[in-house]
Amino acid sequence: MDLLPPKPKYNPLRNESLSSLEEGASGSTPPEELPSPSASSLGPILPPLPGDDSPTTLCSFFPRMSNLRLANPAGGRPGSKGEPGRAADDGEGIVGAAMPDSGPLPLLQDMNKLSGGGGRRTRVEGGQLGGEEWTRHGSFVNKPTRGWLHPNDKVMGPGVSYLVRYMGCVEVLQSMRALDFNTRTQVTREAISLVCEAVPGAKGATRRRKPCSRPLSSILGRSNLKFAGMPITLTVSTSSLNLMAADCKQIIANHHMQSISFASGGDPDTAEYVAYVAKDPVNQRACHILECPEGLAQDVISTIGQAFELRFKQYLRNPPKLVTPHDRMAGFDGSAWDEEEEEPPDHQYYNDFPGKEPPLGGVVDMRLREGAAPGAARPTAPNAQTPSHLGATLPVGQPVGGDPEVRKQMPPPPPCPGRELFDDPSYVNVQNLDKARQAVGGAGPPNPAINGSAPRDLFDMKPFEDALRVPPPPQSVSMAEQLRGEPWFHGKLSRREAEALLQLNGDFLVRESTTTPGQYVLTGLQSGQPKHLLLVDPEGVVRTKDHRFESVSHLISYHMDNHLPIISAGSELCLQQPVERKL
């Protein structure tokens, strides 16, 4: 009787999947050293390219991975029919960056989990971690086989700029965390299609779009086409995605990395588009669409992936520690205190410590002390995890690098009786104030108007640390006397009275808060909308998010003389015409 030839021993260069013929002929189980990835979390496994045993090759890791779904980009590798551009399973801290040889536009997903280190740790079965992409948590960013396009120093510093067209944005009504990965991809592609139909001259406008499915119609809201079709300069860095008009240098949007929750390329008919979901005070949660020149969209996606990988690695090198009441506010960048909002129950905060819930207790403010909370200090990516953090208020063209040593040691302010800072509920940093009160002894009755905000969206990772009741330090008499000599200082003035004095864009004035003695507010008109910015932080320092000033007069003259806008929470305020007080 003829015997079947023995089944060859498992070769790691072969596809792990056995054909039905081999299974029937074998009758034996694979060797014990064969990895057994979860069938529910692994898609078709691609063999590594022959001769390419670099540890950064994405495919070489797949036999060791679980909880990872692979799907090919549109028109991807033959023999598989995966979702276009998908490189990671939902809920895992993985970013799929651009792969030059795998189709037009791979995806980036769950990027805020990289920026914050949130989400479940990727499970690795068999073998040890290897390669630069691998972190101690088993997460990685699959860089292109040719490597990243730009030097790390450039991405961590001033950023990489691309000339693209901004096509507008579409409101996203649900948190991306509540959606599965397929739906997230459909949301971004549907948003691209909606914008292509609405904007004349869009590359994808000629194709026939299928009607929006019912689930997507409940997720996508109104479109904002205010700047649609405008050529812009997109600057990608570990700090943010900055969108600036190419002609007038107006900043259209500045989305901090921790506010970006999902990014994707278009389908084969809209391959030159990049879309990402982010939150900002103007559009709330929205999907922003960019039209790239031919062949550039993949480079944009790859650069965004590089920025998130660097940001995540810096986070892992300097993870936040369990802070104590004395250093809990170290690294505070002022993004919560410097702007007034009209509706206090719906404040949105940017958290510079992604993935970390605000600790309770403690009223001593040590945020600017050198050496305090070294684990909570920013690693190296500007704005969220970098020692060179300068916030979002950098002038156009100014490098974002810096040295944390420039932060001077500031002692905590001495206790001061009387009114406490931020009693006015119109200030942006009063959210969670009652939680802090209860944690330190229940000082004051709870205020439902302040503490009744909607549940936070953990996926967007923007809950700011609970505000502290820090009494303001005594203001020097010289500052008050100096302001009285300034023509744009109007003394104590309410918000409504101040807004009534503004007529043209660029008009501004400075007023003293009617509720908090010693606090000064800059009121200006930008794009027809009044803005109110606090000028004195809880420690009594006159500052914006990137500079500290000797006085309010110094701050005003600095921005007026240099024609620099003050940027706060993604919007800017230009100081052009001072509104002089009437004698």
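Quick reminder: no glycine exception, Cβ is built from N, Cα and C everywhere.
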Where Swiss-Prot places phosphotyrosine when the choices are Tyr10, Tyr350: Tyr350
Annotation match for phosphoserine in Swiss-Prot, from Ser239, Ser335, Ser453, Ser557: Ser453
Annotated region 'Disordered' segment (source Swiss-Prot; candidates 108-151, 372-415): 372-415
